[in-house]
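In TrEMBL this protein carries:
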- 3-111: domain 'Ig-like' (DOMAIN)
- 117-203: domain 'Ig-like' (DOMAIN)
- 218-238: transmembrane segment (TRANSMEM)
- 250-447: domain 'B30.2/SPRY' (DOMAIN)
- 444-479: region 'Disordered' (REGION)
- 464-479: compositional bias 'Basic and acidic residues' (COMPBIAS)
């Protein structure tokens with residue numbers, strides 16, 4: 001069964017597409033496929049127990065997120081990020097196994113509320129004034145209205161809407177205001193799906209009309225607008241300049257703070273624990289790097305080894321004190337770094353990372369943005385994407401902080417009360433069509449020869465990569 005009601009998805013927001021089996025049954029080993037029926041496009045394919053969920057086609061690349069927390073009860077959810085006008089239509093989810101098949105269809109409607117209407121004034125041939133109201137970024141096609149102060153509709157002189165390149169609608173309407181009119185008028189543009197509108201009101205004054213000279217009136221309006229624009233521009237420039245200075249001062253303080261913490265000896269020599277590595281991961285000989293491979297390694301399935309997700313822990317165990325380390329992420333599109341409880345489950349059902357489940361971690365959300373893995377996924381915006389991420393644990397104070405080593409700025413700080421042993425957590429992410437092949441690299445400590453560095457990790461590895469039991473691994477095709 002699909003959603004019982006239509007799914008309304010906001011432009012540039014998220015669409016939540018849920019499907020469930022009735023009666024309930026475990027769908028973990030089934031394939032789950034999602035399609036946009038109207039356009040015949042495959043969207044996402046979860047490949048059963050192989051855990052090979054992936055987006056289909058460039059239009060949906062890195063826009064889908066498969067959630068399977070309740071898959072054992074036959075319920076799955078697909079999040080579609082960055083909703084576009086073209087995403088509207090009929091969708092289908094299909095559950096399939098060698099012995100069972102079922103599907104559901106449901107409709108997704110896209111809704112976008114555009115910009116605040118803008119009104120500009122022109123001279124009309126009837127010696128009144130023509131008010132032209134325009135707005136863009138609407139979906140579906142908006143309704144456009146002129147109204148008087150009592151809410152009565154006024155007849156427009158013209159009205160037109162058109163679809164722009166991104167599929168969203170732009171609207172323009174005009175109204176001729178007679179010279180003898182003394183009433184204010186309002187332009188309303190409404191989204192018919194959401195029943196939401198935006199309004200722009202204009203106050204009518206005698207000086208707007210050409211009693212003596214329309215040219216003189218227009219000149220006054222132009223001078224006033226220019227003065228306002230110049231004043232606003234100067235103010236905005238001043239604000240930006242002050243904000244830039246404040247940001248630079250803050251960055252310098254953070255750099256000094258980071259330098260102080262390192263000098264206090266808080267930087268720790270973190271190494272990877274190959275016995276905890278998932279069988280789709282290869283750990284370097286010096287235990288300083290880990291990368292994903294497309295073929296499962298033929299190794300013993302140890303009790304401490306992850307099987308979901310493709311993760312590996314650090315050797316170190318922390319139950320007191322302050323500790324700092326840095327990890328290179330250059331060239332990677334998907335990864336997760338942070339700390340987790342020693343006691344987290346390493347086998348069986350996938351657990352969504354959050355402090356509630358024993359994880360304090362950070363990952364990319366898309367090309368330009370990052371997210372702290374809280375239960376609600378806190379967004380993080382950066383000027384320059386990090387090529388190296390620093391992790392700082394203050395156990396007694398209950399803080400886990402992440403910094404952008406490239407910029408020398410802090411990204412996010414978790415606050416908690418720790419009672420269990422914590423371990424460094426590394427998830428290099430799956431391979432995807434030749435992407436995300438670079439390893440996560442634990443960077444050397446300054447006294448080991450790295451020296452002063454502010455431009456991210458080196459792309460050279462000091463040791464070859466080996467598998468989870470310490471054997472050298474071979475490169476495989478992507479999954």
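Cβ coordinates come from backbone N, Cα and C, glycine included.
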The average per-residue pLDDT within the domain 'Ig-like' (3-111) comes out at 84
Quick one: DSSP breakdown of the domain 'Ig-like' (3-111) into helix, strand and coil?
12 helix, 56 strand, 41 coil
As a quick check of your reading of DSSP, tell me how many residues in the domain 'Ig-like' (117-203) are helical, how many are strand and how many are coil.
0 helix, 53 strand, 34 coil
